[in-house]
Amino acid sequence: MMFPRSIRDAISEVGVILSRRDQARLASIVLATTALAGIEVASLATIASFMLLVTDPGQAGDNWILSTIQSQFDPTSDIIYAGLVGGVLILSVVLRNIIAAGVTWYRLSVVEGLRETVASRLLASYLSQPFSFFYRINSATIAKNVTHEIDDFVSTYMNGIVLLASDVIVSGAIILFMIVQSPGAALIILVSTGALAGTVIVILKNRLGQMGHTHRKLNETRLKLVNESIGSIKEIRLLRRERYFYDLFSRTFRRLTDLHVRYQLMLESPRYILEVAIIIGLFSVFATLVWTSGSIAQAAPSAAVIVLACYRLTPIAHRIVNTFGSLRFNTAIRTAIAEVLVQRGRELEVLERPPVTPLPFRDRITMTAVGFDYDNREGALKEIDLTIRAGESVGIVGRSGAGKTTLVDVMLGLLEPTSGSVWIDDRKLDATAHESWSASVAYVPQFVFLTDASLAHNIAFGLNDDEIDRDLVEDVAHLAQLDDLIAQLPDGLDTVIGEGGNRLSGGQRQRIGIARAFYQDCALLVLDEATSALDTVTESAIQDAIHARRGLITQVVIAHRLTTVKECDRIIVMDAGRIVATGDYETLERDSPHFHALINVHAGPGK
């Protein structure tokens, strides 16, 4: 049997998102619900027996439950008989409710447990993405997917699937009970409610799917606006642009609110239609029973059973329609999560990385005819031929957008060249060598990322307390000229420095980044505008510390301030993705028009 495409897509994507263990636990919920459906029918049969005893005692002998009570207990009076039947009724209802509560608890514990497992796998999957992936996605999108989207997916989508399966099983059991009791009546109810429910689902299907896509986009915009507002608070205050960001956020939230109102209205409206349909169906059933039996008294027992079954079926029918609508609304979330997790197992490679041996680097780094294209820009690097000797100090300069950082990212193995190749000694830097090469390099960016943790944790970065070498932390902090900062902090190296190091100056943040690089036992040290935020005295002191390692490690320095690279063994000048000149400072100053233009820019007008 072929399922509709939407159902096939749902099964496929949920299979990608959930592990086999999670799928097995969800299947166990369905089994538990099947058992509950049987108990539900038994409870209905007991209630129907009690109603038969009340409305038509003369037919009690034809009822299996009532006749069993009579034969087993042989009551001596109607009071005892009624008490026994009532006791069985109460016991069946209590038993049903206890089991229903247990199944509900198990369902919630399993479904809510998905929140942690799916969110953790999703974050791990993001961490395993190629470096170029992060050029194409907004950080607010990642934050939203790992937090809000996971919450919606678990609480609404997965919980909805389990509820839908449970409700279908229970309603199927109730309908089967109705068919056994009165086939004609069951047919009338099924036609009146089933056709209507199916029509409502078809009408809502496409509309809710489109609304779900819009909801995701608005949620993403809302989170992005909050991040941008807080991240640019200094500029907002100075430029007095609070109103601009406030209005953007308010308009987005207003659209989101309007969409939520329409969504909830579309989910709630079918209930009123279904209730009318069931009332009409019940009236038709009662009229049919009276007509076929010849009197109201004869029709009453069967009608009472049908009313009771419909009483249980009505909220379930509404919940099925409601859940289906909710699933359609959240289809976009399911698809977005599945797209990230589609390569099952890749996230485990990130989490379970064994210790690696640093890639030996004793002779040279060679880049041969290297080219690189970003998705939205071709020719970021063009035909790069470059050799860097071990122990050499190399400066890279050029205008903004010349390709300096891209060149270094390819050299570090973060970006895979579109053309050409990179070699470390005689080993090609391909996917099999990335892990060991990353253990051989250290990198200091222009803007150092700091976590809301202690200074020691930010220097060691990504290590637990028992993994941090405190002596080494102190040594590299001294090399990075952090002694004065540590002396000022209340708890020294154990002081929490705040989100993004917001309690520190720009120069202090840079020095922490440099200490972090020194903490790594690296063969290649890359400084990407790493001293641009430092005063000249501190920069000179740190450069002395870096130069002290000259010959011991290979250094690549990206700089706009040409004095930063003046002492390098060799300077590479880049322009428009190409290497246009190379040599020492004096040679380039004399012979390279590109380098001379950079000197004039930094010297200022008229100098």
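Heads up, the Cβ atoms here are built off N, Cα and C, so glycines get one too.
Model, not experiment: these values are computed from the prediction.
Outside the transmembrane segment (29-54), and at least 6 residues removed from its termini, the chain residues within Cβ reach (under 8 Å) are 60, 63, 65-66, 82, 85-86, 88-89, 92-93, 95-96, 99-100, 103, 106-107, 110, 162, 165-166, 169-170, 172-174, 176-177, 181, 301, 304-305, 308-309, 312. What TrEMBL lists as transmembrane segment is 29-54 (among others).
The domain 'ABC transmembrane type-1' annotation in TrEMBL covers 31-291.
The transmembrane segment feature in TrEMBL is assigned to 79-99 (among others).
Under 8 Å from some Cβ of the transmembrane segment (161-179) lie the Cβ atoms of residues 14, 26, 29-30, 33-34, 36-38, 40-41, 44-45, 103, 107, 110-111, 185-186, 189-190, 305-306, 309, 312-313, 316-317, 319-320, 323-324, 327, all in the same chain and six or more residues away from its ends. Per TrEMBL, transmembrane segment is recorded for 161-179 (among others).
Within the same chain, residues 175, 178-179, 266, 270, 273-274, 277-278, 280-282, 284-285, 288-289, 302, 306, 310, 313, 317, 320-321, 324-325, 328 sit at least 6 positions outside the transmembrane segment (185-204) and bring their C-beta atoms closer than 8 Å to a C-beta of that stretch. Under the heading transmembrane segment, TrEMBL lists 185-204 (among others).
Feature annotation from TrEMBL assigns transmembrane segment to 272-291 (among others).
The feature domain 'ABC transporter' is assigned by TrEMBL to 365-601.
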